[in-house]
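Enquirer: Among the features that TrEMBL reports, signal peptide is placed at 1-24. The feature domain 'Ionotropic glutamate receptor C-terminal' is assigned by TrEMBL to 41-256. Residues or ranges marked as domain 'Ionotropic glutamate receptor L-glutamate and glycine-binding' in TrEMBL: 52-108. TrEMBL lists Pro117, Thr119, Arg124, Ser284, Thr285 with the feature L-glutamate binding site. Look at TrEMBL and you will find 166-188, 226-248 tagged as transmembrane segment. Feature annotation from TrEMBL assigns site 'Crucial to convey clamshell closure to channel opening' to Ile263.
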Amino acid sequence: MDKGLHFTICVVTTVLLLRESSQAGEEMDPELLAAPKPCCSCVCVPPCQEDPYVMVRGAELEGYCMELLAALAGMLRFQYRVKVVGDGQYGAVAAGGNWSGMIGEILRREADIAVAPLTVTSAREEVVSFTTPFLQTGIGILLRKDTTSQDMSFFHFLSPFSKETWTALLFAYLLTCFCLFLVARLSPCEWNEPKNEENHFTFLNSLWFGAGALALQGATPRPQALSVRVIAVVWWLFTLALLAAYIANFTALLSSGSEQLPIQTFEDLVKQRNLEFGTLEGSSTFYY
């Protein structure tokens, strides 16, 4: 009986102690939530406000980078304060080996993190750590419409094909005409009067026949030998495919209202001297 009473008292005492500890824990939870959160000393933003990443609206900054930073602060529970980078650069290595821009402020511990549309380069990766990029793009070249617009020249009809294509077409035309002339001279069916050694399919007539095929017009004399006719049929099929491609490209060129841009790649931009171009000093595009 004494043992049973002793056991009951121990159980009741244990339950009371557990209840007091749980109540004490509930009373301390608001204090834990109200405790000061870790603060990030400062955050660098782009030197020049770039829409839509960072935009100035009155006295505040907003944009994708600012919303991303606010979302990270809510998830990781930290406080931060924002400032624009001092020297107005993204970050590059100076002559003395020191870094400028946002990268330099991070290395000098003037900032903890940098939130910006900052390009990931191999040189920057050696000194700082990057997160997974939220956007991947290449170098873009912007030209004004009045810069690219040109008056229609006399040789505008040559625009659908490149110079290499026209050169190859001229070579194919001469080679085919020479083959027509050679096969016609060797084939006995092309000789109307063998005794007089008269053959009307001369080299000049071969050139005229090939040009007529290019214009989809019939030309005389027509080949009579089977071997010459086979070459003529192949040339006609080639000219039909070529003219179809030419008409399609020329129609698209006229409907677009402008010729092909003179600058397609970065190498084209460097080779020309008519258009002036530039980029932000200290950026990855500048060093590229």
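Note: Cβ is positioned from N, Cα and C throughout, glycine not excepted.
All TrEMBL annotations are machine predictions without curation.
Walk me through the surroundings of each of these features.
Expert: For the domain 'Ionotropic glutamate receptor L-glutamate and glycine-binding' (52-108), the model's average pLDDT works out to 86.
Note on Ile263 (site 'Crucial to convey clamshell closure to channel opening'): other Cβ atoms within 10 Å of its Cβ, all shown chains, come to 18.
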Enquirer: Provide the number of Cβ atoms within 10 Å of the Cβ of Thr285 (L-glutamate binding site), excluding the reference atom itself.
Expert: 14
Enquirer: Between Pro117 (L-glutamate binding site) and Ile263 (site 'Crucial to convey clamshell closure to channel opening'), how far is it from one CA atom to the other, in Å?
Expert: 26
Enquirer: Which one is it: of the binding-site residues Thr119, Arg124, Ser284, Thr285, whose Cα lies the shortest distance from the Cα of Ile263 (site 'Crucial to convey clamshell closure to channel opening')?
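Expert: Of the binding-site residues Thr119, Arg124, Ser284, Thr285, Thr285 has its Cα closest to that of Ile263 (site 'Crucial to convey clamshell closure to channel opening').
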Enquirer: Neighbours of the L-glutamate site Pro117, Thr119, Arg124, Ser284, Thr285: Cβ within 8 Å of the Cβ centroid, same chain, sequence order.
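Expert: Apart from the listed residues, the neighbours are Tyr90, Leu118, Val120, Thr121, Ser283.
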